[in-house]
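Following: one structure in structure tokens, then a few remarks.
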Amino acid sequence: MRSSRSAKVSLVGAGNIGGALAHMLGASQVVKELVLVDVAGGMTEGKVLDVGQALALLGSDVYITGGSDYAAIEHSDAVVVTAGIPRKEGMSREDLLNTNAAVVRNIAENIAKYSPGALVIVVTNPLDAMVWCMYKYSGLPANRVVGMAGVLDSARFSFFLARHMNVSVSSVSAMVLGGHGDLMLPLLRYSTVGGVPVESLIESGRLNRGDIAAIVERTRKGGEEIVKLLKTGSAYCAPAASCAHMLESYVRDKRSIMPCSAYLDGQYGVRDLFVGVPVIIGEKGVEEVVEFPLTAEEQAVFDQSVELIRGSVSAIS
């Protein structure tokens, strides 16, 4: 992969997340070139102009282009996929699965054609099933396909916990495993505040289990809460920031440990599925799956999450 000074990143899907991510990457100058691709070509070109002009004010020379032609993603170092449709009223879970699976399949085939050496970060929901689709239809190696979910879920958990304890969020380190949904598993033993495990804070009386249970539940419903408040949209700043965090570790070979939807081949007792687990992200993509010992209770919740993902994958026709 090229260095961050010459790295090219393509964003497939120029909606709110794609636009916010383009601005973040351009402002931080983590990459040299950005490409936005979307079926709505005119909208994409307008967003390119808007973001590009914002970057001019910031003194950023990141080169940004866009349109509807997939050929523009050729020779990308990384491709972020946000394209897809949200679940609409009257649409079944299976409808959403198969509609977005078709979208992801088309994107996967174009990535295989134009950028087979890229790292692909999938954001499209239902997340874990869509990452599996990308892997299946692109033919890319497993270490080059990953889903963004755990970074976002962990950020939400950290935010809520920091607010509750009235401390800097920089003092909080959280780890969330499992699928991107109601069965995500925040690991309290591996989550810390000021280096002190949350479990120890509970035992010392600084936190109580009722408060933590409420924070966990709010984290699980974090996306839904934002949708209800916005009424006409969904979260995009935090998902974009989560993608930027992953991309920085990849482009700069930082080898940061973060929870992502990654391919499991026996780790955590799971095979041939993409599930949210801690991984090391470096210049080769997913360089290692980090296995944390789980208690029987944690393993049970994790297994439920895995079965839900397996059911989603099986439902794709």
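Note that Cβ sites are derived from N, Cα and C of the backbone, with glycine treated the same way.
DSSP assigns N125 (NAD(+) binding site) to coil, not to a helix or a strand. Annotation source Swiss-Prot lists NAD(+) binding site at G13, A14, G15, N16, I17, G18, D38, N100, V123, T124, N125.
What Swiss-Prot records for R87, R93, N125, R156 is substrate binding site.
Long-range C-beta contacts of H180 (active site, proton acceptor), restricted to its own chain and to partners at least six residues apart, with a cutoff below 8 Å, comprise N125, P126, L127, D128, G147, A149, G150, L152, D153, S261, G276. Residues or ranges marked as active site, proton acceptor in Swiss-Prot (evidence: sequence analysis): H180.
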Chain-internal residues near G15 (NAD(+) binding site), provided their CB is under 8 angstroms and they sit 6+ positions away: D38, T82, A83, Y236
G13 (NAD(+) binding site) and R156 (substrate binding site), distance between Cα atoms, whole Å: 24
Long-range Cβ environment of V123 (NAD(+) binding site), under 8 Å and at least 6 residues apart: G13, I17, V80, V81, T82, G147, M148, P239, C243
C-beta crowding around R156 (substrate binding site), within 10 angstroms: 26
